[in-house]
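Read through the structure below, which is laid out as structure tokens, and then see the notes.
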Amino acid sequence: MPALVVWEPLLAAGDDLHLLSVIRICLYLAEIALVIPITYYVVTNTHDPSPFVKFGCVRSVDTFHNWKIMAEAMCIFTIIGSVIATVISFAICRVSRRGTPTDTAPRRLLVPLCKCNMVPVLLMKFTVLVLVGIITFSTNKYCSCVQNSLGLDDDEVVGRNACPAAREWFVMVRVFLFMLAFDVFVPIVLFFCILKSRASRRLFRNVRPQREKAAEDDYRWWQKCCQTCCECSSLMTCYMFGGQRITAARYVDVAIALTAFFEDRGALDIVPSDVAAALVCLMTIQRQKQIDCRNELLKEGGGIYAKDKKFFGKLWSTMKVSKVNSRRQQQKLLSMDIESGISKQNDEPKVSGSKQQHFEEAVDKQSLSDCEQRDEVESNDLLQTHTSSSNNLTEKELADVLAMLNSSDNEILSNVRFNEERQDGEMTFRPTVQRKLDAENSFDRQVLSEGARYCRVALAAYSWMMYLWTSRCIGCCELSAITLCELCMCRPRYCRSRDHVKGDNLCAWKQTSVLKTLGIEERDFLFANFRNDVNVCPYIVLVDRRCRNILIVIRGTLSFEDMISDVTINPDPLDDVGEEFGFDGIGEFCHRGMLESAKYVYDDMEARKVLHNAFEDHPEFNLRIMGHSLGAGVAAVLGLMMRKEYPQLRCLCFSPPGCVFTERTAKESKAYIWAYVLHNDIIPRLSYQSLANLRNDVIEMIARIKVPKHEVFAKNMRFRSESKIKDLPSIILHERECIPQSAFYSQFSDYMERQKGREEHEVLQVRMICPGKICQLYRTSEKLNNVPCSPIIMCLKCIPATLGLARTQKYTVLWTEAEDLSEICISSSMMSDHFPYNVARALQVAAEAVGVFDIKTTEINSNEDMQEGEKKRS
């Protein structure tokens, strides 16, 4: 910041030229290294010109010598030009390292240096390119003439030294020609783009006189950008991810939302590298504030949080519940030991006094049972205390909590999370107490069990693409083999009656992949509509006989049409929808794209009577609606619409978006929605408000950076301990109250004032949150919240995690609130934590840890279930 102006503003700032200059210096040095031996071979060339003259390939001996002199001059001229270009690039590299993103005065020499590099040096390089091209072409032409005249093959030409082009050193000439062409044509294309932009801007000013750019222009610009981006991406991916049916009108809502979000009337001068550096700084400062928050809590006496009686009341309740659960576990182990002792004694010969011994053991078992019942009642009472968060702690209870916090065996701290919040617009962190899922609690076990079981079903909704991903190299072979077998048996799937499957491809890979992933037969595949468009989500209806459920599975974001549905974030009122479906929607709002998608799924199922026929065949079954990402949000809205008709339905939302319902509807949805969030997943934290806060934080970080951008990235490339990372923000950032005055800071202040004035008039300011009762899985780590100390390097860990090559063995599963997900946490894993395969694997590991998930029962319907169903029907 600001953008470098070389006749016209570029997409790069002056301090972005550091890396580019280093690359160009390496390229020039490679050119010099190639030209020096070429010059040596040209100067020492002893080829006899007589064959060239004899066969008429060259007019005379003088022409041959002139060609040789021109080649020698070209080599020397190339060396001189490369040295000059290297010196200029080195100067650009040195100057670009000066200043900060907002302090551009030390880099004022960059503009003349870039103009010199773009015009004189470029002309010199272009001249060299033309000369080298002519000499190379002429040499090949002369050598071909001699070779054809003498009737020699390539080996004989080399052996008789008849042509310089047949020698090994001439290969270096061709390599040099390729490098020179790349070095010339890239700047030429950039130069003509600048001239075109300058000419169009002057023409635009003549057509439209000086006036402020209208919001309609911004809107049309965003619409054009979105359309161009989607069309190019669709073409590059061969329409594998859709995009061919998106019309220009579909981008209207997206353009309106982006215009409202990024509207700055040209006030801010920011380039992409500024945003990248600001995100790295924001990740570092979030990390530092988390460490400071934890250290303050662990101070003797509780630090500044000692006055927060509500927080310590929850902490005391959690500590008591933990003690009760620990005692219950010990009693359970003791009971198992007694039972094993009884079974051993039953196998031994009976002796006198055995009745008395059995009587005493029975009394022991009865007392253990009474203790368990008493602990269960005590645990429930303490959980209610935890929920009510009593503020009336005695001094002794407070001392016990503080002693537990400061002890070496600090298990209670695993229930404490440090979440971001806003105080007067400033980012701060606060400790919150969250209850762990208890392995002895039947409700908690059911939540984990169903989550681990049905997340694989939500994963299967992504059809053949996810099947190929999870099956590694053999997935494509398996699906192809199934298709070939059906063709050989003259029973291809597309030739059968397939009224229950819509929108599948010719090979029926979508349905086949679902059947293979879940291990079910086709008769348990009740219906599927794989058609996809904007606000049209693919969905599947299945039967789960093992758990006696009818499943509606909605696919998440996979295509460009789904992305447009995601970005259609405008809140739609639920008044008319509530009146139609029998719930209180007065004054409540919902995500527009998800509401339209839920209406489509509902109307399509009603028109085809899918659920009516399913419950006719299975009247005793319950209804489960599930999905991942966008599908989770659509499932939540669909559950709200269908709850009156199916009171026992339950929605399982995996990684749902953070902007589905407004607050009252989201809290009421806890009765029938279970949401699952993996660690630092960014999607459940996404809302208009959280994105606006992130935008403001990024702009503020740019203003606060006090070192060159390359130092920001370099300092975050190193591994740092928690003690050292605490000092890092003070090294790279100004204090929030001490931001120096600059042109960008004035722009930032004006922009923030304008945003505050817009807040009360924006429709998008309606606050929407994540739905349901939220179960969050935290990766267990010695580091605080598993946030890496080296953000850039640790981003590489996301690659094997996303590919499924790494597996974290331990998770802490906590109940959390939507308010704890109100801000975006910048992390190296915030994108990979949303990947459906990672979510399914984490839920499976967490469920296995508490003994509620068996890998043998991952198939939805086993053969025993099918046989049992046949007996009931008969």
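Glycine is treated like the rest: Cβ placed from N, Cα and C.
The transmembrane segment annotation in TrEMBL covers 25-43, 69-95, 116-137, 175-195. TrEMBL lists 343-391 with the feature region 'Disordered'. Positions annotated as compositional bias 'Polar residues' by TrEMBL: 381-391. Annotated domain 'Fungal lipase-type' per TrEMBL: 552-689, in sequence order.
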| task | Please list, for the domain 'Fungal lipase-type' (552-689), how many residues fall into helix, strand and coil according to DSSP. | result | 67 helix, 29 strand, 42 coil
| field | Recorded stretch, among 25-43, 116-137, 175-195, maximising Cβ pairs under 8 Å relative to the transmembrane segment (69-95) | value | 25-43
| request: Tell me, roughly as an integer, the mean pLDDT over the domain 'Fungal lipase-type' (552-689). | output: 93
| query | Which sequence positions outside the transmembrane segment (25-43), separated from its termini by at least 6 residues, show Cβ-Cβ distances below 8 Å to it? | reply | 68, 71-72, 75-76, 78-79, 82-83, 85-86, 89-90, 93, 164, 167, 169, 172-173, 175-176, 179-180, 183
